[in-house]
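Peer 1: Per TrEMBL, the feature compositional bias 'Basic residues' maps to 1-16. Marked as region 'Disordered' by TrEMBL: 1-22. Positions annotated as transmembrane segment by TrEMBL: 59-80, 92-115, 127-145, 151-169, 304-326, 645-667, 673-693. TrEMBL lists 187-288 with the feature domain 'P-type ATPase A'.
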Amino acid sequence: MSSPHSHHDHRNHNHHASGEAAQEAGQVASSIVAAAGSSHSDHAGHDHGAMVADFRRRFWVTLVLTPPVLLLSPMIRDWLGLSGVLSFPGDGWVLFALSTIAYFYGGWPFLTGFFSELRKGRPGMMTLIALAISAAYFFSAAVTFGFPGEAFYWELVTLIAIMLLGHWIEMRSVMGASRALEELVRLLPDSATRIDDDGKMHEVPISALKPGDRVIVRPGAKVPVDGEIVEGSSGFNEAMLTGESRPVTKTVGATAIGGAINGANAVTIKVTKTGDATYLAQVIDLVKKAQATRSRTQDIANRAAAWLTYIALVVGFGTLFVWWLWLGAPLEFALERMVTVMVVACPHALGLAVPLVVAVSTSLSASNGLLIRDRAAFERARNLQAVVLDKTGTLTEGRFGVSDVVLLAGGDENAELAFAAAAESQSEHPIAHGIVAEAKRRNINIQKASEVSNITGEGIVAKVDGQDIRIVSPGHLARQGKPITHERLKQLEAQGKTVVALVRNGEARALFALADIVRPESKDAIAELTQLGIKSVMLTGDAKGVAESVSKELGIAEYFAEVLPDQKSDKIKELQARGLSVAMVGDGVNDAPALVQADLGVAIGAGTDVAVESADVVLVKSDPRDVAAILGLSRATYRKMVQNLIWATGYNTIAIPMAAGITFGTGFLMTPAIAAVFMSASTIIVAINAQFLRFYRRQGMKAVS
């Protein structure tokens, strides 16, 4: 169904799919406006900024014509007592000429929009405006050429001026909705410094780069394309790309994202992705696809706007005939009532109520690394009752780390950890990695060990600082007749943690418990979901003891343990069978069937690979708090839609009867110019209300300025 505001349709901009991110920079605004659901077809192919300039230009020309038209209009001269001063022979023809310029030049966008709607057989806002100004112009022109009645040129010209002003302001608001992604694309530089095989450097356009090329990124410069750092290390500002507020330190082997701003040190990157494959191009593509999907609220608004157009036409012509033929009013009065009804009833506010909110919401989410693939699913997310989170990689970091240190003979934790890390520093075992990583996290100096050897299946022995060190399992010590009786050992083993003992010079000195490290943000994420009234459920393939320990630590009331990968979707069905609307949060690979089964599939920690087909929403970062952020944003977005729809429909139920002349007996009569002010104001209010969504904040999300 056609959207009523049909004078600048961008949905046919297929060239926006260009693979070169640099070429997309000037096209994002129109892509997002297209996504907002506009169907302004007679301007298809025009840049949205050019249309804003066109409306501005037409407004100023019409505004310049307005004062002389007002002063030459007999009614205005009579009101001002200037009839004898401003009258001159041929003044009526001058008035006709100025009004003709205003009608054809100022009213041209509305007239062309009307013919476009006529060809499609779908009348909309342009039909109403064009009929209104055409009725006013041709009736007034007929009066000028001798037809009985009074011309209302001044209403015609002021009406066109106000309509142009309203559209100008509204279109600036629409552009504002897309500005966040415009700025995102502008992060890309125009050129890059490529290093040739002979070591020489050349400035080349980024479109000339190909995978395998080496590029130097100087301090303060922007990364031109996605690549792997092959030399140097530096901090990168990715705030506009992923929403990460702090600079991210990256070294050799890490991925640099095109558009990120380099910090203090120069780095060399090897190009890995260009064109459509880059993170930024994928984000833009996801946004466009999401915007192309239709939500139920959008469909309802479109149908309501279309019906409002038909109602306005019926009421407008009905008003004309009632006043003229039934009540016996002069034709010019009845015609003015019809014009007023058609102007005030233009369904522009209703047509923009949802699309503008969607455009702002999508820009806000994309700028924070929350990528919406399916808009309808995102809208349904407001009604979610339960969120199932995969433990490994979502609530935990997916790596072995030290969770507990238990001293068995007094002393200092860091000192014992230093001995253990030194002994394990040359090992590739996951336990060794976990102990060494914990020592580094605590900034402990790791000494060099000597005489390192393995106890097959049991542990490791070494000499550190002249002392004999053994890292072994408690079971090994028990078999040697030296069992550890500390009560914490049983507790840690009951939690499913892996426990090793540090033996120094023959004496057991400490226990180190290792487990999949819980993300520090996970507890806050669960609290946020609880605050939203959403039940959290953990899903894991681990043993029940591990699941119980993690769920208790995070405050999760329900969990599924020992679940095989192919059983995850069955657990989602089990929750849905209870009548719950369920979201599934996972990595998008092992959890793909469960993501598809859920009412909302959320892929987390996608990094630069955001094209996860099984997910409705893709979270770039591995921060589980983003789950609460996207669900909260869904609710905030829907609230804005409802607010705008209530305003747009409520305004018309009051304005249309007033325009028809129902208040005539009270002495108040709405003129076409006042109707144009009301209509434009209602549209601007809807646009401004949508912009307030920019300032939505939740769990560290940054507002879009």
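One-based numbering along the chain as shown.
Each residue, glycine too, has its Cβ placed from N, Cα and C.
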Peer 1: Sequence-remote contacts (6 or more beyond its ends) of the transmembrane segment (673-693), Cβ cut-off under 8 Å?
Peer 2: 155, 158-159, 162-163, 165-167, 169-170, 173-174, 176-177, 340-341, 343-346, 348-349, 352-353, 356-357, 359-361, 364, 636-637, 640, 643-644, 647-648, 651, 655, 659
Peer 1: Among 59-80, 92-115, 127-145, 304-326, which stretch has the most Cβ pairs under 8 Å to the transmembrane segment (151-169)?
Peer 2: 59-80
Peer 1: Residues sitting near the transmembrane segment (59-80): Cβ under 8 Å, six or more positions beyond its termini, same chain?
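Peer 2: Residues 86-87, 91-92, 94-95, 98-99, 101-102, 105-106, 150-154, 157-158, 160-161, 164-165, 168.
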Peer 1: Please spell out the DSSP helix, strand and coil residue counts for the domain 'P-type ATPase A' (187-288).
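Peer 2: Tallied per class, the domain 'P-type ATPase A' (187-288) gives 20 helix, 39 strand, 43 coil.
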Peer 1: Check the domain 'P-type ATPase A' (187-288) for me and report the mean pLDDT.
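Peer 2: The average pLDDT of the model in the domain 'P-type ATPase A' (187-288) works out to 85.
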